[in-house]
Amino acid sequence: MTLDAPEKSGTTHAGLARWVAEVAALTTPDEVRWVTGSADEWTELTDKLVAAGTFTRLNEDIKPNSFHAASSPEDVARVEERTFICSREEKDAGPTNNWMDPEQMKDLMRGLYQGCMKGRTMYVIPFVMGHLEADSPMFGVEITDSEYVVVSMRVMARCGTKILDRIEELGDAAKYVPALHSLGAPLADGEQDVKWPCNEEKYIVQFPEERTIWSYGSGYGGNALLGKKCYSLRIASAMARDEGWLAEHMLILKLISPEQQVYYVAAAFPSACGKTNLAMLKPTIPGWTVETLGDDIAWMRFGKDGRLYAVNPEFGFFGVAPGTNEHTNPHAMTTINKGNSVFTNVALTDDGDVWWEGLENEPAHATSWKGEDWTPDSGELSSHPNSRYCTPIEQCDILADEYNDPQGVPISAILFGGRRKTTVPLVTESRDWLHGTFMGATLSSETTAAAKGEVGVVRRDPMAMLPFIGYNAGDYFQHWVNLGKDADATKLPKIFYVNWFRRDQDGGFLWPGFGENSRVLKWVIERMEGKAAAVETPIGHVPTPESLDVEGLDMTAAELEAALAVDPEEWKAEIPQIEEWFAKFGETLPTQLQIELDGLKARLGL
Ligand SMILES: Nc1nc2c(ncn2[C@@H]2O[C@H](COP(=O)(O)OP(=O)(O)OP(=O)(O)O)[C@@H](O)[C@H]2O)c(=O)[nH]1
Ligand SMILES: O=C([O-])CC(=O)C(=O)O
Ligand SMILES: [Mn+2]
């Protein structure tokens, strides 16, 4: 779809006009602009960001129409401590979310928003998550005072006049999520702006019953691009609970076997645990092909045929830069090399390109994300571990045609996965949907730099959704259980649990990962086809060493065994942690999950 369209100042939609006027009266911007999505607008805004010092234009011969940005060192990741689910009742936010009474939160935030856009332009961004042609398009309107946010939103979501036109056509029937964002950095008369305005005080707030979002103080990623985590996961998960579907932190890929059989797979891994890499996988085994549909978010609904269909609501990739290179993710490299991208908190090379740890051709000198001279001997990282590229999905050369289908693709398998040094084997097959739901509900992973806070701490991250469930996680588990109960079991996706991150005694990864993960995908398919062998263990079915295709892989039999091992002692040690986790949910924990836990304990001899 082309988004070029004439500028529109204002709207004929009375409700939307009223909201925009109210916000402008509260935040007192110098100017209000309606985002059109045109190419001229992109040029104007990126030029403005370059003039402000926020953006550095990259070398046109290397990455055309692309930009480098460095955030304030305080504003580099999602802020989970500052994220709130303000349901009317505290119990509906559940034990895993921060909560405040919605009226109290609004009073507090109105105080912060008062005059907060002074000296700035307020942009109104009409957008749609998913397809404009969907049965009920999922509209949003983000108000922001950040040009960086406007430019990034234009990459990540379908934005602009075409979307507004449709909202106006639908009139009162158009449901849209109002999403208010401010940097919280007003400018006094004549005050010089800084390169990355933001506020020390941050609030990322969802009002799930009202389906609204208020964000304040951060300009970064999931805190500020409100179509992404705030709408497509937190608000959408609450909608999905009410309407019988799923909004999940999952990639979607298309897998084609040597026999030209097509399978669609979704996979939920926590932030910075490998979704983008698996989504764009380049298989190392002959005859297998992967195409991409999405790398971060999947909306899944049951089709008339009883199968679960997934769409990716996003329009771009907001991918982790460090570790991305021609070997680990060649398709991401091709995508970003086409240009039209924004790189945040990576290093800037002397020839006007970007660089990060793990990329080929380490430069002898660069400017680090902190704006300092950097050399390989600096003893410091050139790029923040959560530095990101923001790039249009349509530039991905392995984007599946079905990406453009509003009906989505029927999912055959769901993978849950985390980052665990020990205990969790390379791949485990669940017995059924309920057992798979238990695997998801007890998923654990080491924390990463994608959220502010300590890195490397093991925590439960149910369905990789801990920071994104927009309601009580106990009710969310029940929703998963109910969907399985009401469905035709033969048509439900098969659920598997994977771990690419198990370590050997020396701390090295036991499994080579990346393109080699195609071997695990092959086993998954062969299990579903009844072709591959497995051993039954207390936690589920794991591959026999012979059943996994390891031809051409540089791995000893002992290493393979270690990657696949299920050590009952390690799993016994896991049980008290799972019990402590489940205890949080009290009566909202589905009894079916307690029964699954009891079964696991019995199989472990506890
Ligand atoms: N060892 C190993 N590392 C991996 C593998 N896949 C991804 N990684 C690394 O994990 C980090 C994050 O991977 P991504 O694919 O960007 O993570 P994501 O799940 O898309 O993360 P979000 O965008 O934060 O939701 C990168 O540094 C990758 O290089 C793998 O199979 N093995
Ligand atoms: O939301 C972000 O900033 C990036 C992301 O995908 C995640 O953290 O899972
Ligand atoms: Mn994510």
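A Cβ is built for glycine as well, from the same backbone N, Cα and C atoms used for every other residue.
Of the listed candidates (LYS229, LYS282, LYS338), TrEMBL assigns LYS229 to the same Mn(2+) site as HIS249, ASP296. Matching ARG33, ARG57, ARG78 to the substrate binding residues that TrEMBL gives (TYR220, GLY221, GLY222, SER271, ASN386, SER387, ARG388) identifies ARG78. For the GTP site that TrEMBL gives as ALA272, CYS273, GLY274, LYS275, THR276, ASN277, ARG388, PHE514, GLY515, GLU516, ASN517, the extra residue drawn from ARG234, ARG241, ARG419, ARG420 is ARG419. Distance from the CA of ALA272 (GTP binding site) to the CA of ASN386 (substrate binding site) is 8 Å.
Distant neighbours of the region 'Disordered' (366-386): 70, 73, 76-77, 221, 272, 320-322, 345-350, 355-357, 448-450, 455; these residues of the same chain sit at least 6 beyond its ends, with a Cβ under 8 Å from one of its Cβ atoms. Within 10 Å of the Cβ of SER271 (substrate binding site) there are 25 other Cβ atoms, across all protein chains. On its own chain, ARG388 (substrate binding site) has GLY221, PHE318, GLY319, VAL320, ALA321, PHE343, THR344, ASN345 as residues at least 6 apart in sequence with a Cβ closer than 8 Å to its own Cβ. Spatially, by CA atoms, the binding-site residues GLY274, THR276, ASP296, PHE514 include one closest to TYR220 (substrate binding site), and that is ASP296. The recorded positions near ligand 2, defined by a Cβ under 6 Å from one of its atoms, are GLY221, ASP296, chosen from TYR220, GLY221, ALA272, CYS273, GLY274, ASP296.
Rounded to a whole value, the Cα-Cα separation of GLU516 (GTP binding site) and ASP296 (Mn(2+) binding site) is 21 Å.
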